[in-house]
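Positions annotated as Na(+) binding site by TrEMBL: Gly38, Ala40, Val41, Asn45, Ser269, Asn301, Leu418, Ser422. The annotation transmembrane segment is assigned in TrEMBL to 32-50, 62-83, 104-132, 184-202, 214-238, 258-283, 295-316, 406-427, 448-473, 479-502, 523-543, 572-596.
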Amino acid sequence: MLKEAHNGVSVDLPSGIHKENDRPTWDNKFQYLLTCIGFAVGLGNVWRFPYLCQTYGGGAFLIPYFIALLLLGIPLFHIELAIGQRLRKGSVGVWNAISPYLGGVGISSLFVSFLVGLYYNTILAWVLWYFFHSFQDPLPWKSCPVNDNQTEYIDECSKSTPVNYFWYRKTLNISSDIMDCGSLHWGMVLCLATAWAVVYICTIRGIESSGKAVYITATFPYLVLTIFIIRGLTLPGATEGLIYLFSPNLNVLKNPRVWLDAATQIFFSLSLAFGGLIAFSSYNSPKNDCEKDAVTVAVINSLTSIYASIPIFSILGFKATTAYWDCLDRNIVSLTNEFDLMDQNITRDTYNTWHEELNNQYPERTSRLNLKECKLQEFLDQSASGTGLAFILFTEAILRMPGSQVWAILFFIMLFSLGLSSMFGNVEGVFTPLLDLHLLPKAVPKEVLSGLICLVSFAVALIFTMTSGNYWLEVFDNYAGSLTLLVVAFFEVVGVIYVYGIKRFSDDVKWMTGRYPNLYWQATWKVFSPIMMLVIFLAYIVIQTQKEPNYETWNPNFVNFPIKEKKLYPKWVLTICVLLVVIPCMFIPGVALYHFIRRLRDKRCRCKAEPYINSAYCNSQTSL
C-alpha cells in the first residue's frame, strides 16, 4: 500500500510553491527505479537500436551513441528528475512554479504524451492480435490461404509471402491509399479496447496502481530476453548475425546522419520531454539522490538496447543462414536434375566448386537453369526496424525455429510488457498534470479521471483501426512524436538553467543530494545539451525540406508488387502533419504571450485605480 506524505519533512520550496501533504509517495526506491526504467525502456530498444547498429557500421555506431548519451541524454534526464522531485508537481505545475511564462512547456508535454499514447497503444493492440493468433497450430502466417474455389492460393499472398499477407491483409486489412479510409477492422477494435482496458486497470489510481504492475511489466522482458539469448546463441547462423551486427566500420562516422540518428535515438529512447519522468519523480522524497537515479536509469536503458540486440540478431542471423541454405538447396536440386547426378554428390560445401566446373563445361545448359546467386551477406542485409522487424522479419524467423508457437507467445508477451510499462509514463504525463490543475472537484475519485483519459484516447485511436490506419499511425509517429519533443526539451533546459537560474537549481540539487553539481553537469546543462538540441532541430528541418513528404503503400495492383508503391501525401494530409507539430508547440509562446498581456493589463488597471502614483512610473511599467 502506498503511503501518503505527511508533515514529516520540512521542505524549503521556492516562493509561490506550497507543500502538498496529501501527495502519495512510492512504496520504496526500487519501485520508483523500476517505473522509470520501464518508462524509458520500450519498443524502440528492441526494434530500432539494433537496426541502427546494423545500418551504421555495427560497433562503430556505439561511439556517437554513447557520446550523445553523455552530452544530451543523462543531463536532460537529471534535470527532469530533479525539478519534479524538488517542486513535487506534474509537468504543468512545475513550469508554472518556475515562471508563469513557461507554463506552456508543461501543456505541450501533456499534449505530446496524449498524442503519442494514442498510436503507441495501437501498436500494443497489434501485439495482442499476434499473441492471440500465436496459439494456433500451425501459426497462421506460416502458409498462404486458398481462394474461395479451393483451387489455388490467394493471389496477393502467393505474389508476396505468407508473413507479409498476414500482416498487411489479416492484421491491418490495409488500403492502397491514405485517402481510402475504408471501415473499421472490428477484430483490431476489440484488441485496441483490450489494450486500453489493461492500461486503465494498471493506471486506475495513478502510481498507486501502476507502481504495483511495474514489478511484472518492467522485469518480465529481461527474463524473456535472457531466454531468447540462450536459445538464439544455440541456433545455426547466430555467430554470423552477431558478427554482422557488431563488426565496426569506422568510415561511417564521416556521415553526419550517423551522429544525428545516434542523438535522436538517445533522446527518444529515454522518453525525455513527455512529462512522465517529472510526474514520477514528483512522488519522491525531497531528499532522494536524483543525480544517482538519472545516471543509473539512463545507463540501464542503453545497456538494455545492447542486450536486446544480441537475441534479435542471433535469430536474424539464423534466419539469414537458413534462407541461404534454402537458396543453395534449390540450386543443387536444379543442377542434380539437369545433369543426372547422384543424390548427395553436390553438397552445400561443394556447391560453388561444382557450379563453377559445370558452368565451364556446359555454359548453355547451366545458364538455362537461371540459378539464383546465393550470398549470405545479401540475406543478412535484409534489415528492418519498427513494425517491419517485429511483425515481418522476426515472425518469419520464428517459423524456422522448433516449437515456433512457444517462441511466438513469449516474444509477443515481451513486446506487450515493454510497451505497457512505457504507456504508464505516457498516461502519467497526462494524469498528473490534470490532477494538479484541479480540473475536477476533489470529491471526484482518481478512477474517473483515469477512465476519461483512457476512454477519450480509445475513441480517437479508432482511426488507426481503419484500412488506412497504418498510414495515419506513421503520420503521428513521424510528426507528433518527434520535432515537438525537441522543442519542449530545449525550453526545459532554457527554463531551468537560464530562467530559474543554474545557481539556484544547483543549490536545490545540493539540498536534495548533498552534492553540488560538478563541472560535467554545469557544462552540459549550459552549453552542450542546448547546442546539440539546436543542431538536431536544424538538421531535422533541413532533411525534411530536402524531400517531399511521401509514404509507402501496400498495393496488390501495383505493377512491381510486392515492392511497395511510393506516393506523395495529399495537401490536406500535409496540413494535418504541420498541425500535429504546431498545435502542441504553440502553447509555449501562447501562454507566455497571455501572461505578458495580462501583466500589462494589470499594471494599467493599477495605475488607473491609484491615480496618485507617479505618472512616469506608470508609463515605465506599462511599457515593459
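Just so you know, glycine gets a Cβ as well, placed from its N, Cα and C.
Residues 35, 38-43, 45-46, 113-114, 116-117, 120-121, 123-124, 127-128, 130-131, 134-135, 139, 198-199, 202-203, 210, 213-214, 216-218, 220-221, 224-225, 227-228, 231, 271, 274, 276-277, 279-280, 390, 394-395, 398, 450, 453-454 of the same chain, all 6+ positions outside the transmembrane segment (406-427), place their C-beta atoms under 8 angstroms from a C-beta of that stretch.
In sequence order, Ile37, Phe39, Gly42, Gly44, Ser271, Thr304, Ser421 are the same-chain residues whose CB sits within 8 A of the CB centroid of Gly38, Ala40, Val41, Asn45, Ser269, Asn301, Leu418, Ser422, the residues recorded for Na(+) being left out.
Taking residue pairs at least 6 apart in sequence, the transmembrane segment (448-473) and the transmembrane segment (104-132) share three or more C-beta contacts under 8 angstroms. Gly38 (Na(+) binding site) counts 29 other C-beta atoms within 10 Å of its own C-beta, drawing on all protein chains shown. Asn301 (Na(+) binding site) is surrounded by 24 other CB atoms, counting those within 10 A of its CB over all protein chains shown.
Here Ser422 (Na(+) binding site) comes close to Gly38, Phe39, Ala40, Val41, Gly42, Leu43, Tyr120, Ser271: these same-chain residues lie at least six apart in sequence, with C-beta atoms under 8 angstroms from its C-beta. The Cβ of Asn45 (Na(+) binding site) lies under 8 Å from the Cβ of Ser269, Asn301, Thr304, Ser305, Ala308, Leu418, each on the same chain and at least six residues away in sequence. If you look at the transmembrane segment (448-473) against the transmembrane segment (258-283), you find fewer than three C-beta pairs under 8 angstroms, all six or more positions apart, and that falls short of contact. Pairs of Cβ atoms less than 8 Å apart link the transmembrane segment (62-83) most often to 523-543, out of 32-50, 214-238, 523-543. Put simply, of 32-50, 184-202, 258-283, 295-316, 523-543, the stretch with the most CB pairs closer than 8 A to the transmembrane segment (214-238) is 295-316.
Counting Cβ pairs closer than 8 Å to the transmembrane segment (295-316), the top stretch among 32-50, 184-202, 258-283, 523-543 is 32-50. The Cβ neighbour count for Ala40 (Na(+) binding site), using a 10 Å radius and every protein chain shown, is 27.
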